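Copied from Swiss-Prot, the annotated features are:
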DOMAIN    6-269  domain 'Pyruvate carboxyltransferase'
BINDING   Asp15, His203, His205, Asn239  Mn(2+) binding site
REGION    394-511  region 'Regulatory domain'
Amino acid sequence: MKNNKIIIFDTTLRDGEQALGSSLGINQKLQIALALENLGVDVIEAGFPVSSQGDFKAVQKIASKVKNSTICALSRALDKDIDMAYEALKVAKHFRIHTFIATSTLHIQDKLKKDFDEILSMAKRAIIRARSYTDDVEFSCEDAGRTPIDNLCFMVENAIKAGAKTINIPDTVGYTLPSEFANIIKILFNKVPNIDKAIISVHCHNDLGMATGNSLSAILQGARQIECTINGLGERAGNCALEEVVMAIKTRKDYLQGFYTDIKCENISKTSKLVSAITNESIPSHKAIVGSNAFSHSSGIHQDGVLKNRQTYEIISPSAIGIHENRMLMTARSGRAMIKTCLENLGYDENTYNLDDVYERFLRLADKKGQVYDYDLEALMFLSYESEEENEFVLEKLSVISGNIPTACVCMRIKEELKTEACTGNGPVEAVFNCIARITNLKPVLKAYSINAKSSGVDAQGQVDVDLEFKGRKFHGKGLSTDVIEASAQAFVSAYNAIYRSLKVEERKMA
């Protein structure tokens, strides 16, 4: 085919939302839709209007606000669904009605209790009704991956005759393998006589981990639309991840025949984080493209390679998706080259220190802490081993009262002196933070706060990680407890001790 543009159809707000424990609010959905528009998504599937009044209103509001993306709504092959979709969409500058019906023998017989001819008739009738509202109609053959190929070809041919401009071939249960799914698309192009009258779309689920692979294999056989979600959100194991297919197409143009998308890749990272925050679905650290470890290197061999030439272990530049740094994690696996480079970045000439000595001390600290930060490394240059391990601030006691005015009382030991303060805050965590700031007489800014469960059950331990900014530098702290407020206090105190050690280093520099 001459047109190598791949249309990106995002269904985060419809299929992606089905994976969430609770529905998103209208304003939350609008916020995501506007981010998708800014990302350059061609088609935004905003919801399923007939499913609830809330979904109807959300689709309607998105349709009224988004101007640069086509807004799509889903409907079953039923008149009431299609009519409701139109009512929600009609205010949009560009809109699409997406209707579907199952085509696999299993679904037709066991779920719908009908035969193939009845399903064919329903599909054609639905497409014709949708066409009465708009020329932009998409039809999906649900469970196409398990539909007998002759039936699928016949359904697609008749759907195009009825007026569908986009035909979607979903691997609804993530059953097919890439070569198998590619062959389905290939057969459609070979056997459906009017296939050139429509755009072929694919919608792949990730039950066997094949969603991205199946989608890419399909465009090699002629598909020109990929349906996907931010962070791969979706029912069961999720959907094809937008960030994965887009960056695969961008990175492997040599193999993927010059295909391209209109996605503004530099907005991928921030869109991923926004969706994660709004949906309260954390991004796995090892997630391709957008995971926190996607551009991290901790192995000494890898770090040495990246320091010499980033392409040795990075096939994508972090800046390509809007990340302006790659993380070179200092751990016990890091080599001397990494430590030397970090010290150079901190301004230390190699003639002013003994690398072997610093590296030995670094390993002792890394074995204890796990991850070492630049301020820890700098402390190695000026402080004795005992001073490195010394904590100026120690949390002794903590009590919190929640309610209309959250209040915390914190007792800390500073050297041999006990100091106690009570403070209020917008919540118990802020109240604790205010207490510690007052006791230490240090005023950092809280830049990041996260909680992760480290076990399950009612006695689960929660790990709190915080980043505090002080004098233009970030300091990390970590706490672990079955009480999340106590874990927060531990994390704050940990970061405050890092700040204190950095101040001692500054004093030594000035001496």
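Keep in mind that glycine also has a Cβ here, set from the backbone N, Cα and C atoms.
Secondary structure at His205 (Mn(2+) binding site), taken from DSSP and collapsed to helix, strand or coil, is strand. Asp15 (Mn(2+) binding site): 23 other CB atoms within 10 A of its CB, across all protein chains. Apart from the site residues Asp15, His203, His205, Asn239, the chain places the Cβ of Thr11, Pro170, Thr172, Cys204, Asn206, Ala211, Glu227, Cys228, Thr229, Gly234, Glu235, Gly238, Cys240 no farther than 8 Å from the centroid of the site's Cβ atoms, the recorded Mn(2+) location.
Ranking the binding-site residues His203, His205 by how many other Cβ atoms lie within 10 angstroms of each Cβ puts His205 at the bottom. Sequence-distant neighbours of Asn239 (Mn(2+) binding site) (same chain, 6+ residues apart, CB-CB distance under 8 A): Thr11, Asp15, Gly16, His203, Cys204, His205, Asn206, Ala211, Glu227, Cys228, Thr229, Gly232, Leu233. Here the region 'Regulatory domain' (394-511) returns a mean pLDDT of 90 for the predicted model. In the three-state DSSP scheme, Asn239 (Mn(2+) binding site) is classed as strand.
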